[in-house]
Amino acid sequence: MQVIKKVEELMGDAKWLVFQEEYNNKLNGKYETLFTLTNGYMGIRGTFEEGSEGERPGSFIAGIFNRGEAQVRELVNVQNWMRLKIYIEGEEIRLDRCELLEFQRILDMKKGVLFRKTVVKDDKGRVTKIEGYRFVSRSNRHRSAIRFFITPLNYEGVIGVENLIEGTVLNSATHPKYRVKHLKVVKNESICKSGIYLETATTDENKRIAVGSTLRIYNLEDINRENIAFFRRFIPLGENSAEYLEFKGEREKTVVVDKFAVTYTSRDVEKDLLKNAVENDLFDFVSRGFDEELEKHIAEYDKLWSVADITIEGDEEADIALRFNIFHLMSSVNEKDPWVSIGAKGLHGEGYKGHVFWDTEIFMLPFFIYVYPEAARTLLMYRYNMLDAARRNAALNGYKGAQYPWESADTGMEETPKWGFDYKGNPVRIWTGDLEHHITADVAFAVWEYFRATNDIDFMLNFGAEIILETARFWASRCEYVEELDRYEINNVIGPDEFHEHVNNNAYTNYFAKWNIKKGLEIIGELKENYPDYYYAITHKISLTPEEVEKWKEVEKKIYIPYDKDKKLIEQFEGYFEKKDYVIEKFDENNMPVWPEGVDVTKLGDTQLIKQADVVMLMLLMPEEFDEETKRINYEYYEKRTMHKSSLSPSMYAIMGLKVGDHRNAYQSFIRSAKVDLADNQGNAVEGIHAASCGGTWQVAVFGFGGLEIDREGVLNINPWLPEKWEKLSYKIFWKGSLLEVTVAKEEVSVKKLKGRETVKIKVKGKEMAL
C-alpha cells in the first residue's frame, strides 16, 4: 500500500506554484478559471468542493455541444461531479457561513494538482481543519479524484460527508438573458454497491454523459485504510445523485476522505454500454487506489514539462507567469482525438460558447508544433475532419472550395451568434461569422507552418495538401475582378481588427488570400513533379482541372495588395486613413490603454482606433514581405492606436516591438499578455482562460526574446534579446524530428541537440552551425 502524502509533502517548489491567499467570494469566478484542471478530454473549473456564494461551477467535455434554446451550438456544462459537502453533527460547513481562521489554495503546475488548506470555526465554536488536493488525470482521461484530510481540532462528534453529482446544471446560469438547460437526466442510480451514478442526455442529439463516483473514508494513520463510516445511504434527489456517509470524528485525529469519479460519454462507448464502462473503470480505479493514479498522472506531466518548460532566471514574476500560460495551454489538448480542437476559452469556462476560432491555428498551434508535434497534427486533423463542412459552408455562401467558419463547434458549420452587445450594453449585429473570412487562409497557413517545422510528408500528402488546395479554390472564387483597374479585390470583409466592419481590401486578408492561392499553386507543381500518384488522386478527388489552375494563376497575380512602397505605411483597409484619428495617451493600473477623450465607443468604426494587431500581425506572420524600415514605421503608427481589447493583441506587439527595437514596450506587452488572466486585465477571466494569449505568451518568449525564426531558405535562425534583468532564458523545441535545447545568456547563446539522428543546420546570430 502506497504512503499517503499530505499537502506539504506532495507540493512542489515555489516556482511551480500559483497562490490564492485570501478568500473573497467576489473573486470566485477569476480563481475558478485560474485553478481549472483539464486533461484535454474534460475540464473542471476551480470551484470549492463544498460550494460557495457567487460560484460559477463548470464541467466541460470536449466535443459535447448542444443548441437547445440557445442562439447557436455551445459547449455543454455537464453534470458537476465535484460537490463534496461536510456536516458536523448535522450542520453544514461552508466557507461563507464560518469564520475563516486559515485559508490558502495553491495550484501546482508541475504536477497538475490543486491544493487547499483551510481552518474554519463554526457558530458553535467548533474548529475544523480541512486540507486536501484534487486532480483530473492525464494518464486515464476518464478519471478524476479529490482527497480531503479532515481534522476536528477542539471537539469530538459525528461528521457527515455528502457525495453529490449535480444534474441541475445550466449554461449561462448567472445570465437570465441566455440561460439554457442542455441536459435531461436519464439515469440516477447506485453503483458498485457503494457509489452513485448519474447519466444525462443532451436535448438535441441525445448524446449521453455518464458519471460515477464513490467515497472511501479511513483514518490517516491506518496503513490498511479500513473503512470507518458507520452509516451510508444512497439518495436519488431528482436531478442530483447523492450518497451520505457518517463517521466518528475525534479531537486532533485526521480522517481521509477519498472521492473517486469516472466520466464517459457516448462519444467513447455505445449508449447501452455506458454504465458498464463507468462501473468497471470506477471499480478498477478504487481497487488500484488514489495514489497509483495520482503517480501516473504526475508522471505524464513530467513528460510534458521535460520539453515544454521555459526557465527565466532573474525575473521571478515573468518566470511563473509564463509557466502558468504554458500549463493551461498544454493541459487543454487531447492528442488522441482528431474530432475536437481547443476553444478560445479552453475547457475552462463558457466564454465564446466553447467555439474554435483562428486563435487555435495562429496563436496556440505554434506552441504545439515546436513542443508537442503529435498534438499539433491532431489539431490540424480536426480541421481536415471538418473540411466537408467547410465545403458546404462555402457553397451556402456562393463560393467554391472550402470556407472555414469563423466560429466552429463539433459540426464544422458556422456557429457565430448573430447578435451581441457593444461596450455600453446595446444590442448589436455580430458580422464576424458573415465577413471575417481570413480564418480560411489562417488554417491553410497553419498547415504549412506545421509541415515546414516537422517535414511530416505523410500528413501533407494525405491531408494538408487537400486543405490548402480547397482553401485556395475558395479565395479564387471570393476575389472580385475590377475591370477598369484590371485587378482582383476582396470587398466587404472584417480583418483581425473587429472595430471596423464591411471594409474593402483589408491588407491582412488580401495578403493571406494571395499567399493561400500561391501556396496552392506551389503544391500542385510539387505533387505533379515528385508525387504523381498523389497528384492524380487529389485532383480527381476534388475535380481540379488545368483550366481552373490557370484561373488561380491569374487571380494570384492580380490580387490588389494595398501597400505604398514609397511611404512604407500600409493602410489597414481602403479609407482607413480618412477616419477620425485618436492617439492613445493614458493607461490603467494594469498598463492597459484607456479610451482617448471624446471617443464614442458605439461608433468605433468611424475612428482609426483598432481593437487588436492587424497590419502588425501581417508583418509578423509574413516577415519576408516587408523590409525592416516598413516594419518599424507601421509598428510605430499602429501601436499608438491599438486598444488591445482582445487578449490576442499584446503578444504580437511584444514580438514586433523586439524586431524593431522598442524593447521597453515589448517587455510591457509581454507582461500584459502573460498576466491577462492572473491579473484579469481584460476583466473577463471568469469566462475561461484566454487560451490564445497563453499561446501568444509562449511565442513572445521563444520567437521574441528567444529569437527563433525560419528564414527564406527554411533554415532555423536564433537571434535573441534579453531584458536587462533577465540573466538567462532556456527553452526546448522540436525541429524536423530533433529535440534542441537553446540557452540564452547575456554574452552567449548555446544550442544542444538532445535527440535526433539527422544533422541539423541552424544559424545563431548569423553564424552557421551544424548539430
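Glycine residues also receive a Cβ, built from the backbone N, Cα and C atoms like all the rest.
The active site, proton donor annotation in Swiss-Prot covers Glu498. In the three-state DSSP scheme, Glu498 (active site, proton donor) falls into the coil class. Around the Cβ of Glu498 (active site, proton donor), a 10 Å sphere holds 20 further Cβ atoms from the protein chains shown.
Long-range Cβ proximity for Gln612 (substrate binding site), meaning a same-chain Cβ under 8 A and a gap of 6 or more residues, is found for Pro496, Asp497, Glu498, Thr642, Met643, His644, Lys645, Ser646, Leu648, Ser649, Met652. Annotation source Swiss-Prot lists substrate binding site at Trp358, Asp359, Lys611, Gln612, citing similarity to another entry.
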Record lists Trp358, Asp359, Lys611, Gln612 as binding substrate; longest Cα-Cα distance in Å?
-> 16
For the binding-site residues listed (Trp358, Asp359, Lys611), most other Cβ atoms within 10 Å of the Cβ sits at Asp359
Residues within 8 Å of the Trp358, Asp359, Lys611, Gln612 Cβ centre (excluding the substrate site residues themselves) | Phe357, Pro496, Glu498, Ser646, Leu648, Ser649, Ala692
